[in-house]
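Noted in Swiss-Prot for the protein shown:
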type	residues	note
DOMAIN	47-343	domain 'PPM-type phosphatase'
BINDING	Asp85, Gly86	Mn(2+) 1 binding site
BINDING	Asp85, Asp290, Asp334	Mn(2+) 2 binding site
Amino acid sequence: MGCAQGKCCVPRRQRGRGGGGAVGGRGGATLGRVAVPGAGLVLEYATLAVAGLYPDSPGRESQDAHLVATRFAGHPDLHLFAVFDGHGACGAACAGFARDALPRLLAGVGVGAGEEGGGRMVVVEDPAAAFREALPAANAEMHAADEVDDSMSGTTAVAALVAGGALHVANVGDSRAVAGVWREGRVAAEELSWDQTPFRADERARVKACGARVMSVEQVEGVRDPEAESWVADEGDPPRVWARDGLYPGTAFTRSLGDQAAEAVGVIAEPEVKSVEITPAHLFFVVASDGVFEFLSSQDVVDMVAAYEDPREACSAIAAESYKLWLEHENRTDDITIIIVHIRDSENVDKFLYRKRIPSAGSCCCAMAVVLALQSVRHAPVANPLGAVARVFLRAPAD
């Protein structure tokens, strides 16, 4: 969910609808593997990025960015996975800037000549502290960069760093990270980040203390009581952050990188960081943009990942289901970026045998067709692009 100058600010019930769907298939996802020798783990990871469908802007550039940096900073036990969701007129540039800046700044925190000439890397000794310094530094660099106009544009950032036997997640904004944890015979969702939006009472109070108004678009327009704080998440008209005497910035989040004009009303780049010990019960984790979580809960996503042995299949299943739900509720889809990381060791690998099904060849082909259709209608002069995508969904073979 973006800002008033970026992603849609029209309440959801006033928007159009699309049609049906199916899940499954690899759909262009990429696969990689890397060892974590200090913890005896192997990470098997997949990434998938699909640009959103905006009928009024065919060929629109995706504003998401992501990175995978294995053996981060030259350390065999450090592996970084991050997603950035840009917003505003320069959202793509902001997301790309953050993607490029974060690894450099994170690796550089605390580096200097030691007593014996060696460098001290905080990211190795205290990853959470390194994140708390690097993300605000990326924000400051973005403000100063001539090539990026972040006055009314910016990006979220959610980054997961595997550091030996621990997982450290830093979040700024409303992208999300979640782990799948084996508990009592099932895979449960463990939140690794918390969406920073005005729905949260603590974040709402913080920005109000900085002089912000917190209202939905309909409250600003006088359709609803401006004093009411009874927003419903699935209504599609979320509370937003506004200047006291202006119709800006209109952000549906309370923290971000960039958004220089919003800083005066409390939209900050300070991350929240969660650190967890990786146990044999931790089967995988997911890092994704809010294009995934707009209509899917964290448990929904975890259930879908758990149903597929190949993380590429899971990426495409989640993307296809997310697109289906977007088209059922709106006349567009958001950009979607997903990183899935399986955590393998000798103790937890057998737990993957509980999976509900193996995707059929038909479902694999279906998801690939969905992704390819979405990409093709974005760039082709189709009279009804949403209808074209819906036809692909409706032709999907049943498992």
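Using the three backbone atoms N, Cα and C, a Cβ is placed for every residue, glycine included.
Rounded to a whole value, the Cα-Cα separation of Asp85 (Mn(2+) 1 binding site) and Asp290 (Mn(2+) 2 binding site) is 8 Å. Its Cβ placed at the centre, Asp290 (Mn(2+) 2 binding site) has 26 other Cβ atoms within 10 Å. The most densely surrounded of the binding-site residues Asp85, Asp334 is Asp85 (count of other Cβ atoms within 10 A of its Cβ). Gly86 (Mn(2+) 1 binding site) carries a strand DSSP state (E or B). If you take every residue in the domain 'PPM-type phosphatase' (47-343) and average the pLDDT, you get 93.
Taking only the Cα positions, the spacing between Gly86 (Mn(2+) 1 binding site) and Asp334 (Mn(2+) 2 binding site) is 11 angstrom.
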